[in-house]
């Protein structure tokens, strides 16, 4: 039995809720609030656009940029003029009620309603999981057509006041398009660079890092809107520009904060927008004129279809991956209108545009039609036409290597042919970026980190976190479950020897170093050099790992018996995070302890209670430190695991010390917790063994 | 038809197993480039590639140049490296980078894809034994990262190891502790690339400038 949410997209339901609420308010006798344009443009729209721009899949966007631009610019222009012209014709023929509407007013109306709305598109396309190409085409178009809409809107609004429109005005209008769009992008880039530069220095004030992202982006939006440039393009440009540098500079927690805040705000905005649309429909003054409304609706659809068909025919001459008729249908069908059109119309002045109410009614009808009818039917149509859906590909390290290899190969071939193509310029941009820009905008050593390594660390982090969240070693989510290093490189298999026992003074050395580290604030580990406490033998102890895994599996059975919360239940991340503080399974099982030196820290010492607390707060970071309730009495027990070579441990437990994943952990732990101690701001981490 | 045009130095039409459909304009352009690289000789040697300035920045230039002289790519029966290549060979290598055409059927598409992947495979497999071993893979990653001189070999090694393990798990699945994964064979390689549309990605755009003429 299909539930309501399978049939009706969320946007429709929200509008219905708005209608109900509006009806309720009216029924009570109050005047329902209308979606005021400044609230919409200043507060409701920016979060959605910022969310879209910050997480824009840049690779696909730039690959299809030509297509997107043509759809956005030429498509919108075509829609506006076609619709405006036809509506003018209808008005002239429509009898006394419509005769007085001038050509310019009609063109203005056409320009308002012709723009595909990003909010509506996002709301509907998110749910149908269509393939990335179509998604980026329609969505990119909805974002970039803002410049066209702004220009046309202001142009026609101005012209409607003129006595005569000369050719000069038209040419100036044409030029203003470039100013508006490129100016918007320019403003966005400036603020993006400033934000990236600021984030370079935030290593000591990690808590306010997300603020810079939001603040600078919003300022970009406001600055652009101030000068009548395209605010949406500024917002997107700033998000796109700042993202790679900011993400390289900020801590892991700030990154999570930014992500969740953006998603939260954009969800709230979207919901509010649709509800308000419903309420405004009930509240607004309407003037229903059958001819006008019906013909608007009809011509909107026709204009869209024609536009897409003609443009695709033109674009396919230049594309390698041609757009099939199915794709064209989805693009045409996905041209939803939304709240931007409504708000733009609401901004119109009554004095000059007396027929504003009629426009509003028509716009609302079109919005309702596209959102309800097209929004509801697009999902079954996608299934019916068997349009390719989004592939849930896991980005693997292999893919990354191959993609980079291919990029370099194609660049090389282009150089050999003497052809300055797409790859050549992309490569030049990357080199410029690496040589100059990254040095300015990224703090410290990270500026030199090549992309492959960064990607690899990200993946390791992700897998380590996944591992910890899933509550234990036995439930390794990844596919690399039984393949270990000896499957691919048997020469490294040691004959015997699990772990050499440490001599007494080595143990003492370890203790001394660890104790010292409790007193120092930790510097950010920078280099990738391995500081091994003891010599290389640790690197070859693969047998140890297998043994551990077997024991872990046995132990898991035992653990399941005496844990209060059953460990196998895959809780929500928050639940499992709360549990991990007391879940010894998240780390190495105690069974290993026979072979490893156990270093006990006296709980009476001043540092350890705080260390324990911080550990309980930040359990994810420190490999090899299981703070379980039973152990609290004896203080912190540290097990010196052999520092496994990064990435070769298929169990992906972060090795102690220096593996790059551990350094990532350490970075995230450098965030001050709620009670940052001045001299001991960091939890107990072994360093430089 | 395209190859039968009187382009000096270009060979007469020959039956290729995999028709390299490039137009005459493109062949002329490539021929001009060939003459530029070979300094008006009939053949090119490895040293001639050093004259391309932009190639210096490419981390895998060694492998790319090597690929031009690899006899397997030149469709010659023997194995190993050729010392010099003529224009026909140059064209053969270029034909691997043709873009996809709309009118290809399933079988042609599949062959198209396999040819391109085979070219890539030969680039990875430097010792020509038909398998990409761990050492060769490490070599690839090291080369990719060779633009960063201060990096330790450790990082490249561990990335290659991780990638190899992932490849093993994709291709073979679960492996017991005693099984050894020798290396990535061509079939495994095909499996790894399944998710990526190589036929749309591996092309150089200028080879599609005019309408395609077929050569039979």
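First residue shown is number 1, and so on along the chain.
Including glycine, each Cβ sits where the backbone N, Cα and C put it.
What TrEMBL says about a protein is an automatic prediction, not a curated fact.
For A:504-531, the entry in TrEMBL reads coiled coil.
Marked as domain 'Cation/H+ exchanger transmembrane' by TrEMBL: A:8-382.
What TrEMBL records for A:480-564 is domain 'Sodium/hydrogen exchanger regulatory region'.
TrEMBL lists A:600-689 with the feature region 'Disordered'.
Feature annotation from TrEMBL assigns transmembrane segment to A:6-25 (among others).
With a threshold of 8 Å between CB atoms, the same-chain residues lying at least 6 positions outside the transmembrane segment (A:37-56) that come near it are 118-119, 122, 139, 143, 213-214, 217-218, 221-222, 225, 231-232, 235-240, 243, 258-259, 262-263, 265-266, 268-270, 272-273, 276, 339-340, 343-344, 346-347. If you look up TrEMBL, you'll see A:37-56 (among others) marked as transmembrane segment.
According to TrEMBL, the feature transmembrane segment maps to A:68-91 (among others).
As annotated by TrEMBL, transmembrane segment applies to A:103-124 (among others). Tertiary neighbourhood of the transmembrane segment (A:103-124): same-chain residues 9-11, 45, 48-49, 52, 76, 79-85, 87-88, 91, 138-139, 141-143, 145-146, 148-149, 152-153, 156-157, 159-160, 165, 232, 270, 273-274, 296, 300, 303, 334-341, 344-345, 348, 353, 355, 359, 362-363, 366-367, 370-371, 374-375, 378, selected by CB-CB distance under 8 Å and a gap of 6+ residues from either end.
Look at TrEMBL and you will find A:136-156 (among others) tagged as transmembrane segment. Within the chain, the transmembrane segment (A:136-156) has long-range Cβ neighbours (under 8 A, six or more residues past its boundaries) at 49, 52-53, 57, 60-61, 64-65, 67-69, 71-73, 75-77, 80, 104, 107-108, 111-112, 114-118, 121-122, 125, 173, 176-177, 180-181, 184, 228-233, 236, 327, 330-331, 334-335, 340, 344.
As annotated by TrEMBL, transmembrane segment applies to A:168-198 (among others).
Per TrEMBL, transmembrane segment is recorded for A:218-241 (among others). Beyond its flanks by at least six residues, the transmembrane segment (A:218-241) meets 41-42, 45-46, 49-50, 52-54, 56, 58, 118, 143-144, 146-147, 150, 154, 179-181, 183-193, 195-196 of its own chain at Cβ-Cβ distances under 8 Å.
Taken from TrEMBL, the feature transmembrane segment applies to A:262-284 (among others).
Within the chain carrying the transmembrane segment (A:290-316), a Cβ under 8 angstroms from the stretch's Cβ atoms is held by residues 66-67, 70-71, 74-75, 78-79, 82-83, 86-87, 90-91, 94-95, 98, 109, 113-114, 322-323, 327-328, 331-332, 335, 337, 358, 361-362, 365-366, 369, all 6 or more beyond its ends. Sequence annotations record features per position, and here TrEMBL assigns transmembrane segment to A:290-316 (among others).
Residues of the same chain lying 6 or more positions beyond the ends of the transmembrane segment (A:328-347) and with a Cβ under 8 Å from any Cβ of it are 34-37, 40-41, 44-45, 71, 109, 112-113, 115-121, 124-125, 130, 134, 137-138, 146, 149, 153, 273-274, 276-277, 280, 300, 304-305, 307-309, 312, 356, 359-360, 363-364, 366-367, 370-371, 374-375, 378, 381-382, 385, 387. Marked as transmembrane segment by TrEMBL: A:328-347 (among others).
Remote same-chain partners of the transmembrane segment (A:359-382), defined as residues 6 or more beyond its termini with a Cβ less than 8 Å from a stretch Cβ, comprise 6-9, 11-12, 15, 109, 112-113, 120, 123-124, 127-128, 130, 277, 280-281, 284-289, 292-293, 296-297, 300, 330, 333-339, 341-342, 345-346, 348, 353, 389. Here TrEMBL flags A:359-382 (among others) as transmembrane segment.
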Contact between the transmembrane segment (A:6-25) and the transmembrane segment (A:262-284) is defined here as three or more C-beta pairs under 8 Å separated by at least 6 residues; is that satisfied? yes
